[in-house]
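Trainee: Starting off with a structure, shown below.
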Amino acid sequence: MSQASPPPILSVAPTRALMDEAIRVRVDNLPPGAPVTLRCLHHSEDKDYWEAYGHYISDPTGAVSVADDVSVGGTYRGKEIMGLLWSMRPVPGSRTGLRLRKRNVCTPMLFTISVYGGHVSHDFSSRRPLAEELTERWYMAPGVRRLELKDRGVRGTLFIPSGPGPFPGLLDMWGGGGGLLEYRSALLASHGYVSLALEYFAPGELASTDLELKYFEAAFELIKQHPAVVADKVGIFGLSLGGIVAIHMTAESTVVKPACCICISGSHLYLRNQPLWNIHQPMLESGRKVHMDEEQNVIWRDISLPISSDLSRKTDVRRINCPLLLVIGQDDQNHPAAQYAEDMERMMRSVGKEHLLTRLEYPDAGHLIEPPYSPHFRATNFMWDYKKAKVTMLWGGQTKCHSDAQEDSWKKMLAFLRQHLYSPHLPKARM
């Protein structure tokens with residue numbers, strides 16, 4: 001580009017947004033037909049750098065619009081308005097098996113978007129960008145309150161929407177990696193739900209955690225009894241192990257009566273009248289079914305197949321009496337989620353309850369279906385609890401298809417929650 005040319009103008013709008021809101025990126029003042037690279041860079045709380053980039057050709061007016069123009073190369077291709085976020089990956093030379101997750105939801109995730117002359121794929125640090133802008137992405141909308149919770153033995157964090165309330169409530173549970181993850185609950189509160197991010201074991205302690213149904217019942221009751229919550233409008237939301245617990249509570253508890261339940265990549269396999277750590281029992285029994293791919297990633301998909309007909313080894317979903325939404329990635333390499341869903345539907349149909357079940361199935365989506373525009377993690381580091389070993393777990397999924405599934409399923413999950421927990425006074429929080 002000629003030095004006499006006016007400098008390119010890069011615009012990112014909005015500069016501050018919720019994590020599930022789309023942003024628009026545009027470059028003006030380029031020469032017509034000029035090759036340029038748009039790059040997004042993030043420095044994580046774990047001190048790792050993540051990047052995504054697309055290759056563009058400016059139009060006859062000298063402009064590039066990510067929403068309207070096609071990326072011809074980079075970490076994504078085609079017309080992808082949010083490709084600069086969902087295609088993020090660790091920069092070359094990073095540690096292996098990384099996963100990008102927000103720990104402190106009271107601060108934004110910061111992304112630097114830059115434009116470079118030419119089609120660049122490496123050595124960005126040695127090049128000077130033509131222009132750059134900083135954008136903030138938040139899980140907590142203005143006015144959302146975050147309260148640490150330790151009550152009746154229950155550990156977690158409660159998020160309360162802005163406004164007078166009362167609001168519907170959600171018990172939000174993550175998976176077998178353990179620990180306290182708050183970002184989905186913060187985002188759900190930003191959409192008008194009092195959400196409890198529940199911690200039910202610390203990383204690496206599942207085998208020593210004697211958790212029984214009463215712990216989760218106590219957590220559900222805490223939400224139900226909170227003054228900001230409509231007592232008969234409380235649902236359960238779980239992913240992976242959290243989904244297993246969600247389905248088990250919904251079907252088996254005599255105390256918990258959720259208004260609805262969402263299960264992402266979960267199952268109904270649960271040893272009846274056993275503490276949660278015994279969820280690993282099928283793995284011990286079926287160790288030969290655990291295998292590795294050519295990159296030495298651990299695959300759990302087959303350990304519970306074929307699905308047993310023995311009701312003592314699974315939750316009796318015939319007892320479910322509320323709407324249940326199953327979100328399934330058909331390339332899930334951790335759980336045979338599609339087969340689980342088929343068995344659950346068969347069981348519910350046998351007692352005339354199939355109308356309560358909705359299935360969202362996505363080809364080439366994997367196990368870790370996160371809020372929209374989150375990067376895709378095909379394989380990440382994982383503490384294999386009963387072996388006390390860190391492995392690289394294969395979750396599955398193809399990046400573009402998985403990202404489309406995250407965006408579509410999030411919209412449909414919010415619609416499902418609104419349908420079954422709706423109050424006409426729900427706020428619609430935005431940045």
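Using N, Cα and C of the backbone, Cβ positions are placed for all residues, glycine too.
Grabbed the feature section from TrEMBL, which reads as follows:
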- 212-422: domain 'BAAT/Acyl-CoA thioester hydrolase C-terminal' (DOMAIN)
- SER240: active site, charge relay system (ACT_SITE)
- ASP332: active site, charge relay system (ACT_SITE)
- HIS367: active site, charge relay system (ACT_SITE)
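How about a rundown of where these features are and what they're close to?
Mentor: All protein chains shown were included, and the count of other CB atoms within 10 Å of the CB of SER240 (active site, charge relay system) stands at 25.
Neighbour list (ASP332 (active site, charge relay system), Cβ cut-off 8 Å, at least 6 residues apart, same chain): SER265, ARG301, ALA338, ALA365, GLY366, HIS367, TRP395, GLY396, GLY397.
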Trainee: Near the Cβ of HIS367 (active site, charge relay system), how many other Cβ atoms are there if near means within 10 Å?
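Mentor: Around the Cβ of HIS367 (active site, charge relay system), 27 other Cβ atoms lie within 10 Å.
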Trainee: Over the domain 'BAAT/Acyl-CoA thioester hydrolase C-terminal' (212-422), what is the model's average pLDDT?
Mentor: 90
